[in-house]
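Per TrEMBL, the features are as follows:
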- 24-382: domain 'ABC-2 type transporter transmembrane' (DOMAIN)
- 21-41: transmembrane segment (TRANSMEM)
- 178-202: transmembrane segment (TRANSMEM)
- 223-251: transmembrane segment (TRANSMEM)
- 271-295: transmembrane segment (TRANSMEM)
- 307-330: transmembrane segment (TRANSMEM)
- 336-357: transmembrane segment (TRANSMEM)
- 369-388: transmembrane segment (TRANSMEM)
Amino acid sequence: MNKLLTVYKFHVKEAIKAKSTKISMVIMFAAVLAFFGFSHWSSSQDAISKDEVGVINLSTHYSLDLQSINKQLSTTKLIEKEKSAEKKLRDEVKNEDLSGLLLISEQNNRPIVTAINNRAGANGEEVSLVTQQLQKKYVATIVKENKVNEKVASNLLTPIAVKNEVVKEDHHEKTVGIVYAFVFLMYLFILSYGQMIATAVASEKSSRVMEIMIPKVKPLYMMYGKIAAILTVACIQFATIFIGGLVAYAVGWLNPDQLSLFGLGIDLSALTPRIIISFVVYFALGYIIYAMMYATVGSMVSRIEDLGSAVLPVIMLIMGAFFIGMNSLFAPNSTLVVISSYIPFFSPIATFSRIVAGEAGWIETGITIGILLITIVCINFVASRIYVNGVMRYGGKIKIKDMIQMAKNQ
C-alpha cells in the first residue's frame, strides 16, 4: 500500500508540475470568464439596442398609443413610419434591415392589422399587443354607435377563465441546460484524461522506463497510481471551472436567473444535492471504467504512433455514450436511453441525464450503480492481467487473440 501511495503522489506531483496542466487550467479559467463576460456584454447590448418594427397607420378612425405598447416590449420597439415609405420599408424587411412592418387599415369601420415579416410567425408579440389595443377601441366605437350598455358589453367580452391543474410536474424544461452542461463536461473529461492515461503508459513503455520500475514496483500499483492521480488532477481542474464561475458571479457577469449555455437555459433552482452527488458518483465510476480500458490499451502498444488506432474502440464507446446523452436532452424516456442506462459503458451519462430529468427513481439508480461496480470488478480482473503481461511485451501490434491469452495468464 505504501508503494501504491508513493506512485500516486509521484504522478500527482508530475501532473501538477507539467506545463500542459498549468496551461490547460489557465485556459479553462479564462474560458469560463470569457464565456460569462461575453454573455453579460451581449445581453446588455440587447437591452440597449432593440430591433425596430415599423408601423404605418392607414386608418382614419383608429389611432395607436405606441408609447404604451413599447413599454410592454422587451426586445423590439415600434416606430411610426410615413405612409409614402411603404414600398421602401417592405424592401427593408425583405433584406432584414427592418425586423418587421405592421400596416393598420380598416374595412367597414373594422380595423385590420397586416404583419409583414421575413419569416412566418415573427413579431407575434407586437401583433398581439397592437390587436388588443385596436380591439378595445373598436368595441368602444360599436358600443357608442349602437348605444349598448357598457357593462353588458364588458361582460360579453370578459375572457373565459382557464385553470391548469398539473397532475405530474414536468422538470424537463428546467433541466435541459443542466443535463447538457454536465453531460458535456463528463464526456470531455473522461475522453481527455483517459487519453492522458493511455499516453502516459505507452510513453513509459516505449522509453523502457517500465523495465527499471517493474522490479521495484508492481505493475498494478503503477496502473492504479496513474488512474487515481489523474482523477485527482481532473477534480482540481473541475475546481478551476467552479472558481471561474464564482469570480464571474462576484464581478456581476453571471446572473443565476438568466444562465444559459448555447441557447439552453440553466435553472440553478433545479440543481439539487441528489443531482450533484449523482454527478460525482457517476463521473467517478465512469472514469474508473474507461481509465482501466485506456491503461490496458496503452500497455499493448510499443510505440506512441500506434496509440491512436489502438484507443479508437474506446473512443467510439465514449462517443456513443455522449450521443445517447444528447438524445436524452429531449427524450429521457426513449427506449434507447432507458436501455442504455443499464449498459455499463453508457450508464454513467445516460442514467445521470435521466436522474436530472426526474425520470430515474432510487431503485433504478441503485441498480445502475450496482451494475457499474460489478463491471469495474470484472474489467479490473481482465485489465490487470493484460496490463501486467502487456507492459513487458515489445514488438509488433498485439492482436485480439494475444489479449485473450494475456487475460488467461496469471
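Backbone N, Cα and C atoms are what each Cβ position is placed from, and that goes for glycine too.
In this chain, the transmembrane segment (307-330) lies out of contact with the transmembrane segment (223-251); the count of Cβ pairs under 8 Å, excluding pairs fewer than 6 apart in sequence, is fewer than 3. Below 8 angstroms of C-beta separation, residues 15, 233, 236-237, 240-241, 243-245, 247-248, 252-255, 260 of the same chain, each at least six residues beyond the ends of the transmembrane segment (21-41), sit close to that stretch. With a cut-off of 8 Å between Cβ atoms, the residues of this chain six or more beyond the transmembrane segment (307-330) that come close are 176, 179-180, 183-184, 186-187, 190-191, 194-195, 198-199, 202, 264, 286, 290, 293-294, 297-298, 300-301, 336-337, 340, 345-346, 348-350, 352-354, 357, 397.
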